[in-house]
Ligand SMILES: O=C(CO)COP(=O)(O)O
């Protein structure tokens, strides 16, 4: 049985009450026959709004981060338990923007994945090399190291996560990895997961980085690309719906 693909939108720090309303209503109306799983990962203040708007629809709700702590004196943090109260099904952890601008380490990202799993939230664990790392021939070493940290901390739960391979040089640049480049890394990650769990085939490995309506189909046709994590194109309902259609084919 082939597993369902997952198309997740990462709105990043975009949106407002009015724009979110229009976007979510258009998605809910347009994705009735979706043959894949669909989620939107929204800024924390809008979780309640989007939860209400998606009521009864197949659109899943995601967060863009989660604290590694359960509760307590951690100003500014949002716990997995809080996310749960708003019907959150997915939480992005370790996005390269958080690794880059907020100093998140491999170890912290692994702890965040664990905190999400403990509350029944599926972490979407982002990994990927920078341009300098790729050009230095270090892609394999970097993504394996990032993946290994998450496997190490999450042990037997590892088949419950979603992985997103997002080459940093492809994010927001319009420069997409070729289907072959992406597949090569996805296959490598699948192999690494298979060494840790007999359920590696169950894990959705998403591609992210300038995925759009025009290139989605060829990326999603690769054997180890099980969906997409979409930034810019997830803010336009028509584009996002086209990607959903490509993943449903
Ligand atoms: O970072 C991404 C999703 O998490 C990708 O962003 P873009 O689709 O805008 O390149």
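A Cβ is built for glycine as well, from the same backbone N, Cα and C atoms used for every other residue.
Caution: TrEMBL annotation is automatic and unverified by curators.
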Among 67, 210, 248, which residue does TrEMBL annotate as binding substrate together with 10, 11, 12, 172, 231, 232?
210
Please identify which of 12, 95 has the densest Cβ environment, defined as other Cβ atoms within 10 Å, among these recorded positions.
95
In this structure, which of the binding-site residues 172, 231, 232 has the fewest other Cβ atoms within 10 Å of its Cβ?
172
